[in-house]
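Heads up, the thing below is written out as structure tokens.
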Ligand SMILES: Nc1ccn([C@@H]2O[C@H](COP(=O)(O)OP(=O)(O)OP(=O)(O)O)[C@@H](O)[C@H]2O)c(=O)n1
Ligand SMILES: C[C@](O)(CO)[C@H](O)COP(=O)(O)O
């Protein structure tokens, strides 16, 4: 097979990539009342963490998760609604085959990953994808650094050379057509997809894995994964800012940070013109690098005319959670001469905190005048600025 086939000529759109996450195992070695992939690691199900790593990777176009039919209800609680799920088989390779068969048209490269490896880093995924440009298969591994022995009944029998030995990890990446053919020809019982690929004569490049990319296998692995997360190596802190302006028009009240405030005029806008809530919503989208309200709710779409801004904020809050973050704090400043914000700031804080799903101590709503300068000073409209901090959930 020519290696050129796997090289994206510069300037061409990169190959469409699917992540196939196998999560149909029973997790017998790990124990617990539910399979290990549904158990929590630092407050979040392992599988939710795994899936998020691929959903948030810019090189991955599709994510398909293979689950046991018996786990459908557990999966519904853990997986984002729009993530495709496929019923698995009794063995890992049967589950992989079921997933490969279900991948959408047009996928060229597939990354096959254990649902039980929730800490895979973006750099590891990057390295596999880069190697796939010049090889039909690529997989991460870490070299064996300890001495190896063969042993039995608690005794060392013989030292074993470790040169050239690697500990295999996932995601294992392949040209989709090639790995489908390899699985179809394999008798079954392979430990992983590299074994299947090699049996079919495919070349598989080794890329650098990561010690943190552990597979949750035994009961102690949950604590190990939590320790890795708490080290902060996987901690991501995001800051976002938002800014919005709405002009005054006819009316008898304004809606600010979810509270109706009596005023001699109203604010004009396509929605309810809640300038404070819009700034906070944009700060959340900004922290996720997901654009702004206009991208998610185009003003050209009549269905958002007069819409309560709460709809926008709730959407941004959902995006935060599904990207694996939580809101650490939000700070919003309203800039206007009138109406006076002070008497309403507490109600605004409470209304915002309820939608954001955080305690009121994490939300600040404050106001300033612009000393009668500029458009806010001339009372032509109200401006709002907001900052949001997100941290890994
Ligand atoms: N029939 C199977 C068996 C395994 N897997 C998945 O393959 C990955 C690696 O397998 P392993 O760690 O061995 O998981 P289990 O089979 O669940 O573990 P155990 O052997 O302890 O029961 C896991 O994400 C697991 O859910 C799968 O999708 N279908
Ligand atoms: C695929 C794999 O994760 C590679 O390390 C591993 O082979 C699957 O898990 P198991 O514990 O060997 O069943």
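Any Cβ shown, glycine's included, is placed from N, Cα and C.
Residues or ranges marked as 4-CDP-2-C-methyl-D-erythritol 2-phosphate binding site by TrEMBL: 244, 245, 246, 270, 271, 292, 293, 294, 368, 369, 370, 371, 375, 378. Residues annotated as divalent metal cation binding site in TrEMBL: 244, 246, 278. For 238-390, the entry in TrEMBL reads domain '2-C-methyl-D-erythritol 2,4-cyclodiphosphate synthase'. Annotation source TrEMBL lists region '2-C-methyl-D-erythritol 4-phosphate cytidylyltransferase' at 1-237. According to TrEMBL, the feature region '2-C-methyl-D-erythritol 2,4-cyclodiphosphate synthase' maps to 238-393. Marked as site 'Transition state stabilizer' by TrEMBL: 29, 36, 270, 369. Under the heading site 'Positions MEP for the nucleophilic attack', TrEMBL lists 162, 215.
Cβ neighbours of residue 244 (4-CDP-2-C-methyl-D-erythritol 2-phosphate binding site) (same chain, under 8 Å, six or more residues apart in sequence): 275, 278, 279, 282, 383, 384.
Residue 375 (4-CDP-2-C-methyl-D-erythritol 2-phosphate binding site) sits 72 Å from residue 162 (site 'Positions MEP for the nucleophilic attack'), taking the C-alpha atoms as the reference points. Closest to residue 368 (4-CDP-2-C-methyl-D-erythritol 2-phosphate binding site) by Cα-Cα distance, out of the recorded sites 29, 36, 162, 215, 270, is 270. For ligand 2, the recorded positions lying close by, meaning a CB under 6 A from one of its atoms, are 215; the full candidate list was 29, 215, 246, 271, 293. In the vicinity of ligand 1, defined as a Cβ distance under 6 Å, the following of the recorded positions 29, 162, 215, 246, 278 are placed: 29, 215. Ranked by Cβ neighbours within 10 A across all protein chains shown, the recorded sites 29, 36 are led by 36. The Cβ of residue 246 (4-CDP-2-C-methyl-D-erythritol 2-phosphate binding site) has 24 other Cβ atoms within 10 Å, all protein chains considered.
Distances between the Cα of residue 271 (4-CDP-2-C-methyl-D-erythritol 2-phosphate binding site) and those of the recorded sites 29, 36, 162, 215, 369 are shortest for 369. Closest in space to residue 246 (4-CDP-2-C-methyl-D-erythritol 2-phosphate binding site), of the recorded sites given as 29, 36, 162, 369, is 369, taking the CA atom of each residue.
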